[in-house]
């Protein structure tokens, strides 16, 4: 199933004009606050009536301003997971879950309560009221409630933003399971690169109410011409595979034609994983660096130079492992004479495991590789 | 109730009946108006708000006289209703109408406050799960505002028990038909030797008012706890 969205909406100074498709899997609407992410997801949910546009799931039309067609939210067959969970305070957890399946009953048998309860590990919470749950528990119940609505489309609006790091790590695997085990498309709003890189199959980067780029995480985050989360969020994403585990605890990864070394990878050889290299963790050198502690040094050539508004510049470097981004100063760009085609070496200070293929039990880890 | 004379007891019973029906009949309209004022925006909203609050500000005699003009047997609404057999003028039903109108603003205020305290995000969440507007109201909004509805109803009941000016203007002071507690106290005070009866009715008034207050406090607190899920 594919969700196609095309919307225009004007609200005061804010002007939204977007068009994109979300295929099966998890599509992240990514951008800074004010980029229009929440407006888009609420329009898809029918909680906000866009001035013009068309939203359809395959050939099932949810709204089409040309046909004056607009389905109210309760007829859109959604499962919406909100940032603040929005559990009904006067119901127990079990009643919250049943509420969803009760309205979904005419669509035939959906997920069974017991399966959802087991998948989310909320069996011991069933008789409690939401007020007595922790933030992470509330969000797991909210996921369950959305699933039990027998949705044709799952929406999630920054579902992890209100949680601390430990709770985020607790909830993320459930979204990985949703992505891998549930057949319906998931539209997920986020401004966190770490979440996007780990969860997304498709990224729709929004900037000032426009779609800046649609693609895989590697394509969107490796594109130096857009800075979807500002300069700090920029970084390359590489698809890699474990090649070998060495006696000193380091794992050897193959990324493109290059080899990377990383500690703390507890995966067997052959397993795929996704690594993220933030632009501010990559240094550039014209000569092959000697006598530095960094293990991961890749040679390549400058592909593009993008000067920012301030003293910063983003250099994209094509290496044998794929495209890397480096965050340097404009002074260094001038001093080294960096321009497209110049050969250089990228010194990677830190690699992060963004997600592990296969099982959904990974936690994000950061390993300094010096 | 040995210590109440038949005439006194009649006034107490009538007052309870009048206030009960005034409150019960006013509740559905009260919830509707409170919801409209709290959640909808429509032209003339401020005018509706003004009309609802008018009985609170106008001298009760004026309200009673306006009721007489409108719902009297020769009034525009009263004559119409008379044809289908509903008469307000000089009947206990008229006393209930007067009490209902006078207590309506208090009821609406309490309910409106409780509706405004319900997070519309919860109602949105229910809608995304497949609940129509009617279902959202019945399953989410109504249970969450129940404390406000009960508080509003009890407040309105207590106000109806004490209503004097509009009642006596609209339906007069007929023992057994329209003589409620306050108008009976007034009548007893007009005749020599009536102070004893008046005193007993004053005592009943105080007891009813205080019990209503305590009851509403207890109920509201209990339901608020249940709704908050603690």
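Cβ atoms here come from the backbone N, Cα and C positions, even for glycine.
The annotation domain 'ABC transmembrane type-1' is assigned in TrEMBL to B:12-214.
Summarising the annotation, TrEMBL assigns transmembrane segment to B:20-38 (among others). Within its own chain, the transmembrane segment (B:20-38) is flanked in space by residues 45, 48-49, 52, 93, 96-97, 99-100, 103-104, 107-108, 111-112, 115-116, 137, 141, 149, 152-153, 156-157, 160, which lie at least six positions past its ends and keep a Cβ under 8 Å from the stretch.
Long-range neighbours of the transmembrane segment (B:50-72) within the same chain, counting only residues 6 or more positions beyond its ends whose Cβ lies under 8 Å from a Cβ of the stretch, are 33, 37, 78, 81, 88-89, 94, 97-98, 101-102, 104-106, 108, 163-170. Residues annotated as transmembrane segment in TrEMBL: B:50-72 (among others).
Residues or ranges marked as transmembrane segment in TrEMBL: B:84-104 (among others). Here the transmembrane segment (B:84-104) has long-range neighbours at 14, 17-19, 21-23, 25-26, 29-30, 52, 55, 60, 63-64, 67-68, 71-73, 78, 155-157, 159-160, 163, 166-167, 170-172, 174, 177-178, 180, meaning same-chain residues at least 6 beyond its ends whose C-beta is under 8 angstroms from one of its own.
Counting only same-chain residues 6+ beyond the ends of the transmembrane segment (B:134-158), those with a CB under 8 A from a CB of the stretch are 19-20, 22-23, 26-27, 30-31, 34-35, 100, 103-104, 106-111, 113-115, 117-118, 122-123, 126-127, 208-209, 212-213, 215-216, 219-220, 223-224, 227. Summarising the annotation, TrEMBL assigns transmembrane segment to B:134-158 (among others).
Sequence annotations record features per position, and here TrEMBL assigns transmembrane segment to B:198-220 (among others).
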